[in-house]
Protein chains: 2
Amino acid sequence: MPELRRDPIVGRWVIIAKERGKRPHDFVVPEEKVKGGFCPLCPGHEYTTPPEVLAYGRPPGAPPNSPGWTLRVVPNKFPALRIEGELWKEGEGIYDKMNGIGAHEVIIETPNHHETLADMPLDRLVQVFWAYRDRMVDLSRDSRFRYVIIFKNQGRAAGASLEHSHSQLIALPIVPLLVSQELKGSKLYYDYKERCIFCDIIRQELQTGTRVVCENHEFVAICAFAPRQPFEMWVIPKRHHSDYRSIDDAQFQALAEIFSEILKRLQSAIPRCPYNFVLHTAPLREPYLEHYHWHFEILPKLTQIAGFEWGTGFYITPTTPEDAAHFLREIKLGEGGHNGGE
Amino acid sequence: MPELRRDPIVGRWVIIAKERGKRPHDFVVPEEKVKGGFCPLCPGHEYTTPPEVLAYGRPPGAPPNSPGWTLRVVPNKFPALRIEGELWKEGEGIYDKMNGIGAHEVIIETPNHHETLADMPLDRLVQVFWAYRDRMVDLSRDSRFRYVIIFKNQGRAAGASLEHSHSQLIALPIVPLLVSQELKGSKLYYDYKERCIFCDIIRQELQTGTRVVCENHEFVAICAFAPRQPFEMWVIPKRHHSDYRSIDDAQFQALAEIFSEILKRLQSAIPRCPYNFVLHTAPLREPYLEHYHWHFEILPKLTQIAGFEWGTGFYITPTTPEDAAHFLREIKLGEGGHNGGE
């Protein structure tokens, strides 16, 4: 019998079609042609991107936009939103619109064209999470922005248009609907229970254990109770805080460790698995919130969004999160693997 | 400058990245291999599907599940939900779940393997819309169901797993989140204005005309003001009613005419364009609603859902709906084309 499950935060229902019972090897991702040719994100090609807004790793005194970096952040050459101008809002009869003020940046995670987050050394993965915070802190000084969304598209099927590993950041003049729903859902829970729903999720998941992929001192990685895609994972900090900008050194290290581990497990279970991940954090202008809890959501791109999903906001997934977590835990990681740093 | 637009009903914002300014020929859809081999939906293969629940076109007295039909509805062989059993709901600590009671049916729209909705004769397209109503009316007798979602996935990129033209129906024991949001948004508008927002959309769109693709006595087809995909279209009945089950003969004919026309225009603008469409209608147990208005939403599948969309519920589209409507209106339809039946 299939099962309907409700995401406790936003109230979204999903259908777990157990009978379809897909295991990792049922998801075969076609091998992508390695495109030769020119990569604008590779070292030596800095002149092809807009001037960088952040770089790590160059020796002191080295000029900006030159090689020698280990991580580099540049404005998107084809931005969805533009940084210049005043924000205006206006109506068009019954409709509302505003101009597309915002920032759209590319975080070039590595100088090595073929390196992915899953096989990157930990100290450089730490830099990626540092860069997210540095850019959020900088962009929050701009009073026009109300939200910074940070996300990654890995693999063509997940929407990546460049092969060289990178994440993206978009600063928005509004708080997106899904973020508002998440805030509202967790506030409702808090008003009723006086507890953070994410803290309760951590407690319950660690107690039952069936959906836990791995954990360390600072973080737990679980397969989501009501997933939108097979093998959907959430990485949640054990210490309560609503804002990613509060992250500290111990957390940076532990976050890199757990991310490295779950991505290795995922790639090992489903070779070349395309995925998206998104940082969920409070809006820029919010104070510390008792009811909200920052975290990452990782969505492998293994099933199609089709008419049913467009019409309902409902998702059908053919793998239970308990099975997914079990498969991922059972993966034997080879050398260079991490088991949570414990 | 890009533009942010808000869907007036659900409050979802989208980014129109005008600079990317994609025209129809920028969207090239790869030709699909015509798979030879066995089609379970073709006449003569009725024994391969579960027994039909509806069929049109057979001569009186012909046995069910035999050839001779022009349209046939069968339970899905691999259903996302199961029709048998009592509905139970339960908690799992902080989580909510229920068993997957529901119906999942396939509407086989044509006996001809290679025929699509765009090139089907009008009288048979009328039958497709008849079948939607017949099945909704029948399923609404089952007190366990609260919503029937009807949708179509055309083309592999839009999620179709069988080539033979078909739509699908899923009866659900709950009202999906997106439907609730739509009802809530249109109720808010009604409470403020005492007018239906869809009726206001029709009035404004026909007045400005820039987003109108075509119209006839009963329906108008527009490119949505805040689209999630390039060339997203809505087909809205001019007569207010919240429930698709109220559709009458004049509307069936006019609906087939306008659908045939917009699909011909779309396929002509973007050959082999994959798309999804979804019927939006009130929940089964609702009385006539002053604030809600049934309609179809047609979403060409031309851009990827990636990290940004997963994280925000926001969409970036590279074509303005004004440009899209202009392109679609300018298409010269050949013989067998319709210009709205006027």
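Each residue, glycine too, has its Cβ placed from N, Cα and C.
Here is what TrEMBL says about this protein:
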- B:HIS166: active site, tele-UMP-histidine intermediate (ACT_SITE)
- B:CYS39, B:CYS42, B:HIS113, B:HIS164: Zn(2+) binding site (BINDING)
- B:197-308: domain 'HIT' (DOMAIN)
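Here the features listed in TrEMBL are placed on the structure.
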residue: B:CYS39; record: Zn(2+) binding site; CB count, 10 Å: 15
residue: B:CYS42; record: Zn(2+) binding site; CB count, 10 Å: 16
residue: B:HIS113; record: Zn(2+) binding site; CB count, 10 Å: 14
residue: B:HIS164; record: Zn(2+) binding site; CB count, 10 Å: 19
residue: B:HIS166; record: active site, tele-UMP-histidine intermediate; CB count, 10 Å: 23
Any idea what the Cα distance is from B:HIS113 (Zn(2+) binding site) over to B:HIS166 (active site, tele-UMP-histidine intermediate), rounded to a whole Å?
10
For the domain 'HIT' (B:197-308), provide the mean pLDDT of the predicted model.
96
Provide the three-state secondary structure of B:HIS166 (active site, tele-UMP-histidine intermediate) computed with DSSP.
strand
DSSP helix, strand and coil counts for the domain 'HIT' (B:197-308)?
38 helix, 26 strand, 48 coil
Quick one: pull the CA-CA distance for B:CYS42 (Zn(2+) binding site) versus the residue listed as 'active site, tele-UMP-histidine intermediate', whole Å only.
11
Suppose the Zn(2+) site is B:CYS39, B:CYS42, B:HIS113, B:HIS164. Which further residues of the same chain have a Cβ inside 8 angstroms of that site's Cβ centroid?
B:PRO40, B:LEU41, B:HIS45, B:ASN112, B:LEU162, B:GLU163
Express the distance between the Cα positions of B:CYS39 (Zn(2+) binding site) and B:HIS166 (active site, tele-UMP-histidine intermediate) as a whole number of Å.
12
